[in-house]
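A quick write-up on the structure given underneath.
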Amino acid sequence: MKQSLLAEPRSAASVLRLQFHDCFVNGCDGSLLLDDTPTMAGEKLALANINSLRSFEVIDKIKAELEQSCPGVVSCADIVIMAARDAVSLTGGPRWEVKLGRLDGLTASRADSDAIMPSPRANATTLIDLFAKLKLSVKDLVALSGSHSIGRARLYDDQTVARQQDAAIEPQFREELMRLCPVNGYQNVTGGLDSTPVVFDNLYFKDLVVGKGVLNSDQTLYTSPETKAYVEEFSRDEEAFFQAFAEGMIKLGDLQSGQPGEVRRNCRVVNGSPAAAMNNYQN
């Protein structure tokens, strides 16, 4: 992870995001890492993931080194969990002990990902309901949303032009959005998810309090009564945020499907498949 951060600072946020998008869909089983096959539509091209998830090659490199040292021992699912933890700690956030022993899933489901993963335009009620189905609390929701302390987003994906009329947005920030995202502007423009997008801190929550949430699903955490108190608490107390985030990540990492699994030799394909012998990874 240190090498990846030196080469590409955005990789920390990208790897952290992999844990969320893997664990939310049928548990933490590395299914997100599987490439499509003629008989399986995987999760990489799901609506929430296509042109969005990055840094699969980071997991590939970690897996390749582990396979040289201890073949067949460490699952890809566990690698995602450990790499996400390290991405946070290496950018200034907390560090926590992770549980190990997960197995890699034998299949992936684009349909399940499309049905489960929330939109950047989701409101707090939708997010609370989703987290509740996964036995994660409202506090977990707000704390884990703090993963947006690092990283950038494609702003047009969040219909930022429309949000420029949102009364909750701070006026000067609205002007910044208008400059970045004019109507019919360049669709691939990106912006930091908070004021310090390469440092894991509580600036994300401070930004929400003053109306500078980039994504609607973020700003709604402050405008909704169910979540507002936690946003205010974490904006005042970074240590409380760090503790709640670590606790939430451990609970997120506990999500399991209960389905059979294996320790994949190649994170992109199941063992025994025609592609399993491939040694040169392509992203």
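Every residue, even glycine, has its Cβ placed from backbone N, Cα and C.
All TrEMBL annotations are machine predictions without curation.
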Regarding the disulphide bond with Cys267, report which of Cys70, Cys76 TrEMBL records as its partner.
Cys76
Of the cysteines Cys28, Cys70, which is paired with Cys23 in the disulfide recorded by TrEMBL?
Cys28
Round to a whole number and give the Cα-to-Cα distance in Å for the pair His148 (heme b binding site) and Ser31 (Ca(2+) 1 binding site).
23
Have a look around Pro118 (substrate binding site) and count the other CB atoms within 10 A of its CB, chains all included.
15
Using the centroid of the Cβ atoms of Asp194, Thr196, Asp201 as reference, list every other same-chain residue with Cβ within 8 Å of it (recorded Ca(2+) 2 site), in sequence order.
Ser149, Ile150, Ser195, Pro197, Val199, Phe200, Asn202, Leu203, Tyr204, Asp207
Near Cys28 (disulfide bond), meaning Cα within 10 Å, which of His21, Asp22, Glu43, Pro118, Asp194 (recorded positions)?
His21, Asp22
How big is the gap, in Å, between the Cα of Asp29 (Ca(2+) 1 binding site) and that of Cys23 (disulfide bond), rounded to a whole number?
7
